[in-house]
Amino acid sequence: MEQAAHRPHDSLGPKALAIVTPFVIVGIIAFLVRIYTRITPVYKLDASDYTISVAILIEVIVYSLFIASVVSGLGRHSYDVSPQESIRTLQYVYAVMLLSTLVPAIARISVACLLLKFASTKVWRTIIWFIIGIQSICVISTEVFQLIQCRPINAHWEEVPDAQCLSAQHIWICGYATIGNIS
């Protein structure tokens, strides 16, 4: 009992937010400057601007969910988090996991759309469209895999009798493939 009284009650959540927040702010500022320069003095937004706007919107949602997960218990010791907070935290983390894989893929598609403007030959345009297609297929397959990892889906964040989840080896393989796609 005395040992439980001396447990630390610190949290890594605020530290993680302190690391991530400057990058989010710089990214949003760069995005706003880009959009500003594309609409003034003449409005000239194109597919690359719209796709990066979608990526930024999703990133803001991911960041908000990350904040919510820290508030609900992410980064704290398990003995400091109630079972209800733990479930809520894991729900937020699952949503972050689902949405965060979209952002880099959509950003790469945005760059490819930008490169389409500079492609002078049909071969280059075909290659760029092929890359856009590959990116789309990769991110869709990653999302589908994340959705089918466990049946029912709520087995990701709580104990569910007779839940069926893929083996850790399958999840690791998909994780490595996702990392390869992201980088």
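Cβ atoms here come from the backbone N, Cα and C positions, even for glycine.
TrEMBL: automatically predicted annotations, no manual curation.
Summarised by DSSP class, the composition of the domain 'Rhodopsin' (33-174) is 107 helix, 5 strand, 30 coil. As annotated by TrEMBL, domain 'Rhodopsin' applies to 33-174.
Taken from TrEMBL, the feature transmembrane segment covers 16-37 (among others). Away from its own ends, the transmembrane segment (16-37) comes close to residues 45, 49, 52-53, 56, 59-60, 63, 66-67, 70, 74-75 of its chain (Cβ-Cβ under 8 Å, at least six residues beyond either end).
The transmembrane segment annotation in TrEMBL covers 49-72 (among others).
Marked as transmembrane segment by TrEMBL: 92-115 (among others).
Tertiary proximity for the transmembrane segment (127-148) is limited to same-chain residues at least six positions away from its ends with a CB under 8 Å from its CB atoms, namely 97-98, 101-102, 105-106, 108-109, 112-113, 115-116, 119, 166, 174, 177-178, 181. Annotation comment: TrEMBL describes 127-148 (among others) as transmembrane segment.
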Long-range Cβ neighbours of the transmembrane segment (49-72) (under 8 Å; 6 or more residues past either end): 11, 13-14, 16-17, 20, 24, 27-28, 31, 34-35, 38, 85, 88-89, 92-93, 95-96, 99-100, 102-103, 106-107, 109-110, 113
